[in-house]
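Listed in TrEMBL:
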type	residues	note
DOMAIN	56-345	domain 'Sugar phosphate transporter'
TRANSMEM	53-72	transmembrane segment
TRANSMEM	84-109	transmembrane segment
TRANSMEM	121-142	transmembrane segment
TRANSMEM	148-168	transmembrane segment
TRANSMEM	175-191	transmembrane segment
TRANSMEM	236-255	transmembrane segment
TRANSMEM	271-294	transmembrane segment
TRANSMEM	328-345	transmembrane segment
Amino acid sequence: MVEAQTWTRRMSNPRLDSTVTTADDQVLDIPATPTAELKNSTYAVGSRLSPNLLTVLIIASWFMSNIGVLLLNKYLLSFYGYRYPIFLTMLHMLSCASYSYVSINFIQIVPRQNILSRKQFLKILALCLIFCFSVVCGNTSLRYIPVSFNQAIGATTPFFTAIFAFLITCKKESAEVYFALLPVVFGIVLATNSEPLFNLFGFLVCIGSTSGRALKSVVQGILLTNETEKLHSMNLLLYMAPMAALILLPFSLYIEGNVARVTAEKARSDSFIIFLLIGNATVAYLVNLTNFLVTKHTSALTLQVLGNAKAALAAFVSILVFRNPVTVMGIIGFAVTVMGVVLYSEAKKRSKVTAH
């Protein structure tokens, strides 16, 4: 249910002084951080294609999976009548755990990394708790607000990242960086005031999802700083996904009632839901896989640019598919927010160059 990501250097783990991406609302919001060895490796299937064509196909797959999971979530939760966002998120986690195990242990898409200590395990668990909160809030918001508005709110992730970085680490940015955040906030204010389908609860849980995504990015930069504790993004997904499923299961059963029985009964009367749930969970994993592949075959900066484009494209496609009304002021507000994110990213890069 599609989160801010940070890098200090190309193909490294997240840090606090890095450029923030805006590829929000990715299902797991786990940064793709392949090592140099992985960067130089070539998949067998890719060797049969020209590098440029392979890159284009990977980017196209990234767009389709990111937008696809948003639209499928919205359809299931709002139009199909499947009112169980926590259980749906748990299915996503089970899917990611299963596919990750196969990809790493059998296909060997990346080398297997093991958890080396209880301390490292607890750090991953802490990240998992924040992640669960963020993703469940993001999925829940899609029950109440349009995808276009969801994406507009998600674009404010850099604002929350800057706040948490200051509150937790006392890290201060330059005046130029903070000034660039003004249009990010101003744009979402415009979009909110002019949203025809505004829902207060949906708005608040989407803000919760966005802030949770930013908090996870900051906390990850603090916890996984030890060289021996760094995990490749796909290995981090392998360990976080089953943890998340175990955390979400009791909450789903307590909050959403006898959801397993209701789902089974619905499947008996309408088998199409089985296809929807399996397809939705599979696309959820593809979001993370293509996120890694884009960075492997291009760069983290390219992923950042694509993230900005994805938010706008997802909003446009959702309007075409679901026919939710929009206003000119809402479009302007979204555009201002995205432009603010671009200015913020540029200001961060200039600030890094000046610091060095």
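Quick reminder: no glycine exception, Cβ is built from N, Cα and C everywhere.
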### Summary
On the domain 'Sugar phosphate transporter' (56-345), the mean of the pLDDT values is 92
### Query
Quick one: do the transmembrane segment (148-168) and the transmembrane segment (328-345) have at least 3 Cβ pairs under 8 Å, skipping pairs fewer than 6 apart in sequence?
yes
### Selected stretch (most C-beta pairs under 8 A with the transmembrane segment (175-191)) from 53-72, 121-142, 236-255, 271-294, 328-345
328-345
### Query
Of the listed stretches 53-72, 121-142, 271-294, which one has the most C-beta pairs under 8 A with the transmembrane segment (236-255)?
121-142
